[in-house]
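Q: Pasting a structure here, questions to come.
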Amino acid sequence: MIFSKLGSSLARSSRSKGFVYGGGVRSAVFNQGRLRAPQNLEAAVNQVDGGLGFLRRHFASFAARKGLEAGDLSRAFANPRLRRFFSSQTPKKKNYENYYPKDSKKAPKNEQKSESRDGSKKNENENAGDAFSNEYQNMLIPLMAIALILSTFSLGSREQQQISFQEFKNKLLEAGLVDHIDVSNKEVAKVYVRSSPKSQTTEEVVQGPGNGVPAKGRGGQYKYYFNIGSVESFEEKLEEAQEAIGVNSHDFVPVTYVSETIWYQELLRFAPTLLLVATLIFGARRMQGGLGGLGGPGGKAGRGIFNIGKAQITRADKNSKNKIYFKDVAGCEEAKQEIMEFVHFLQNPKKYEDLGAKIPKGALLVGPPGTGKTLLAKATAGESAVPFLSISGSDFMEMFVGVGPSRVRNLFQEARQCAPSIIFIDEIDAIGRARGRGGFSGGNDERESTLNQLLVEMDGFGTTAGVVVLAGTNRPDILDKALLRPGRFDRQITIDKPDIKGRDQIFQIYLKKIKLDHEPSYYSQRLAALTPGFAGADIANVCNEAALIAARHEGATVTMAHFDSAIDRVIGGLEKKNRVISKLERRTVAYHESGHAVAGWFLEHAEPLLKVTIVPRGTAALGFAQYVPNENLLMTKEQLFDMTCMTLGGRAAEQVLIGRISTGAQNDLEKVTKMTYAQVAVYGFSDKIGLLSFPQREDEFSKPYSNRTGAMIDEEVREWVGKAYKRTVELIEEHKEQVAQIAELLLEKEVLHQDDLTKVLGERPFKSGETTNYDRFKSGFEESEKESQKESVPVKPVEDDGIPPLEPQVVPT
C-alpha cells in the first residue's frame, strides 16, 4: 500500500518525473548555492530535479555493499510502480502519442493552441513559487516513506553480534582481542576488537561476522555488544575479570560512556502526536472543500472554512440553452402577470418613476406543492435582463453560530453591487418562522438572528433601492408577521392548483415534447377533464409516465391508453397483478367495488363513475373506483349526504349480498367520519349544534367548545352516518341483482368502464343541466364553452369559503 501511494504521488505531474529520474551534474541537491528561493518554474524544477536520483543511487550502493542482487530487489519490490520509480528509463508521456503513432495521425495545430500554450507557460512562470511549494508538498510523504524503508533495512540487517558477559570474558577478554568498550546510554556495552591480540601474535585470531564498523579516533572494529544491568556492577565485573587473568591495572581495557540518540525510537515516541497533527491537517483540508463559502452551481470552487460566512449563491446564466420563459409557464396567468410587473419595472424604471410609483420591495409566492412557484421564479430569471441570485432558505442554517446572519449580509451585499437585481429565496419558511414559538432557546436563537438580519437587510437603515426579493413557501401561516408586512414582502401572490383551463394549457406545454398519434390539443382537453385537482408537477409526472409506459410496450407513439395507465399509476399506485389473493377475498373485493358503482349510479348528486377495477394497486388497495368530479366551489347539504351514501356503498354491498362485513371498508369509514364532522362542526348544517363553526386547529390538546358540546357533536355525527348507511342499504337491496351482475363482470374482466355499466344498469336516471367533466372528457369542451359564453350573464363572483376543489376520488378496499 505504501509503494502504491508512493508511485501515484511521484507520477502525479510531469515536473516530478524529472525530479525522480534526474542525475548527473544536477544531482547535487544539497548544494548550498542552490537552496536560494527559485526565480521561476524552471529554476524550481532544476533545484529539486536530482533529489530522488540521489536517493536511487544511494539505495543501489547500499544494496551493492550488502551483497544484494537485482533478483532479490525485484522479488522484494514486485510492485510495478516501485520498479518504475527505481528504473533509469524515462516513462512514456501521458498523451495521445501512446494511442496514435506520429506518422499515422497528427494532432491539429493552429494559432489558437499555440497562443494558449504560450499563455499557460506565462502563467506557470508567474506562479513559480506556488508550484515550488506544491512540489515539496507532493514529495514530502514519498521521501518519508523512503527514509522509513531504508531505516528498516539498516535495522533489519544489524552487523553486530550480541553476546553474554561470560562469552566476552572467555573469548575476547582473555584472548586480548578487546581494544576498548563504549557504553551507550548506560545500557549497552559495545565491544571494539582488534584483528590480533595485543601481544601482536596471530595464533588465535577471532573472526567476527562480516566486516565491522571502524571506531572513530581509535583502533578496533565494533563487532559485539551485550547488555549491562548497571554501570557499577559492570565496572566491578570487568575489573575482577581483568585482575583474574593477570592484566595490569595500567593496561585495563578503556571504557568510554557515550550518550546516543536513536532517531527511530524518538520518532516512535512522538508518533501519536504526529498522527494527531496529521489528522487535524487532513480534517482542515476536508473542511476547506466541504464547509461554507461560495459553491455549488454558479459558485466558486475551493471554498474554505474561512469563507463559511459567504452565501451559496446560484447565479442565473444568461447564455444558458435551457432557459425558461414566461411562455413556458401556464395555469397561473394572474400570478404570472404580477411577477412580470417586477421585470418590467427593473427593465423600464423611468416609466413608473414618472408616475410617482415605487417598485415593491418583495413578493411572496404562496401555494400548494407542485403548483409552479419555483418554475415561475426560473421564468423570471430567464426573462429579466438583470442579475438573478437564487438561494435556498436552508442554506443560511449551519452548525456554527453567526453563520446565518453573515450569509444574509453577504447575499444582499452582492445583490447591491450588481443592482438592479433580483433575489429569490426558495422555501423561506426555513428561516422565516414566527419568533418566540415554544419559548425554548438554542437552535431557535440562531434562526431568529438570521431572520432579524433578513428583516434589517430588506427594510432597514442600510436598505438601498434596486434589489427585489422574491420568496417561495407553501406554509405562509407559520411565517413571522414582521416579514409579511408592507415594505418587505409587499405582495403575496397565491398560486393555486390550476382549473380545467389551466390544466389544458399545462398539458399542451408538456405534450409538445411527446410523440403523439394526434394533435396535443386532442389529448389536452380530455386529460384536463380527467385530472381535477392535479397540480403542474402532477401533470408533468402523468405525461412522463405515459411516455415511459409507451416505451415499455414498444409503442411508436403515445396513445390515450398509455395516458389512462399513467393516471391510474399516479392515483392508485403501482399495479400488482402477481399479488396472491384468495378466491374469497377477490369475490369480496368485487362485491365491495360493485356496491360503490351502483350506489353512485342511482344517487342524484354523486359523481359520475369513470371506471372500477379489482386489480390491486399500491401498498393496501385491493381495488378502487375512479370518479370524475366536477370542480364545484360550493357544496350543498344534499350533495354531501349523497357522497356519504356512495362512500358507504361498499360496506352495504358486503352486508346485503355476502352476509358478512370485512376490514376493506376502513378507508371508506375514515372518509365518512371526516366528511360528517365537517358538516356538523364546521359548515353549520346541524340544527342541534346551530350556526357554529369549529375548524380543526393545530393545537389538538385544547378545544374551543365544552365537553357537553363535544358530546353533542359526536352524537349528531353518529346519527347522520346511521341515516346515510340505512339509506344506502335500502338502495343496495333494491338493486341487488344488478350489483351481483356487475360483481361477476368484475371477476371476469377485472376492469369496467362507464360503457360497461350502462349495458347492465341502463342510462343514468339523472342528467345535469350543465356540462360535466365527464362530458368534456368524452367529447372535448371547446364547443360547450362557446355556447355557455353566448348564454352567460355577468354575475357577481361568489367568495370562496375555503372549500378546495375536489380531487379524483379513489375508494380503495
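Cβ from N, Cα, C; glycine included.
I grabbed these lines from Swiss-Prot:
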type     : residues                                                       : note
TRANSIT  : 1-86                                                           : transit peptide
REGION   : 93-129                                                         : region 'Disordered'
COMPBIAS : 94-125                                                         : compositional bias 'Basic and acidic residues'
TRANSMEM : 139-157                                                        : transmembrane segment
BINDING  : GLY367, PRO368, PRO369, GLY370, THR371, GLY372, LYS373, THR374 : ATP binding site
BINDING  : HIS592, HIS596, ASP668                                         : Zn(2+) binding site
ACT_SITE : GLU593                                                         : active site
COMPBIAS : 764-790                                                        : compositional bias 'Basic and acidic residues'
REGION   : 764-813                                                        : region 'Disordered'
Q: Among HIS592, GLU593, HIS596, ASP668, these being the recorded positions, pick the one whose CA is nearest to that of PRO369 (ATP binding site).
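A: Nearest candidate: ASP668.
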Q: What Cα-Cα separation, expressed in whole Å, is found between ASP668 (Zn(2+) binding site) and GLU593 (active site)?
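A: A Cα-Cα distance of 11 Å.
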Q: Let me know the DSSP-derived helix, strand or coil state of ASP668 (Zn(2+) binding site), please.
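A: It is helical.
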Q: Can you tell me the CA-to-CA distance separating LYS373 (ATP binding site) and HIS596 (Zn(2+) binding site), as a whole number of Å?
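A: That comes out at 38 Å between the alpha carbons.
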Q: For PRO368 (ATP binding site), which of the three DSSP-derived states applies: helix, strand, or coil?
A: coil
Q: Measuring Cα to Cα, how many angstrom lie between HIS596 (Zn(2+) binding site) and THR374 (ATP binding site)?
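A: The Cα atom of HIS596 (Zn(2+) binding site) is 40 Å away from the Cα atom of THR374 (ATP binding site).
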Q: Return the residues near THR374 (ATP binding site) by Cβ distance under 8 Å, restricted to its own chain and a separation of at least 6 in sequence.
A: ASP426, GLY472
Q: At the Cα level, what's the spacing in Å between GLY370 (ATP binding site) and GLU593 (active site), rounded?
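A: Between the alpha carbons of GLY370 (ATP binding site) and GLU593 (active site) there are 31 Å.
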Q: Between the residue listed as 'active site' and PRO368 (ATP binding site), how many Å separate their Cα atoms?
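A: PRO368 (ATP binding site) has its Cα 31 Å from the Cα of the residue listed as 'active site'.
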Q: Mind giving me a neighbour count for PRO368 (ATP binding site)? Other Cβ atoms within 10 Å of its Cβ, every protein chain shown.
A: 14
Q: Which one of these binding-site residues, GLY367, PRO369, GLY370, GLY372, has the sparsest Cβ neighbourhood, judged by other Cβ atoms within 10 angstroms?
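A: Counting other Cβ atoms within 10 Å of each of the binding-site residues GLY367, PRO369, GLY370, GLY372, the minimum falls on PRO369.
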Q: Could you measure between PRO368 (ATP binding site) and HIS592 (Zn(2+) binding site) for me? Cα positions, answer in whole angstrom.
A: 33
Q: Give the residue from the recorded positions LYS373, HIS592, GLU593, ASP668 that has the most other Cβ atoms within 10 Å of its Cβ, counting over every protein chain displayed.
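A: Counting every other Cβ within 10 Å of each candidate, the maximum falls on HIS592.
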Q: Are there any residues at least 6 positions away along the chain from THR371 (ATP binding site) with a Cβ closer than 8 Å to its Cβ? List them or say none.
A: GLY331, CYS332, ILE495, ASP496, LYS497, PRO498, ALA535, GLY536, ALA537
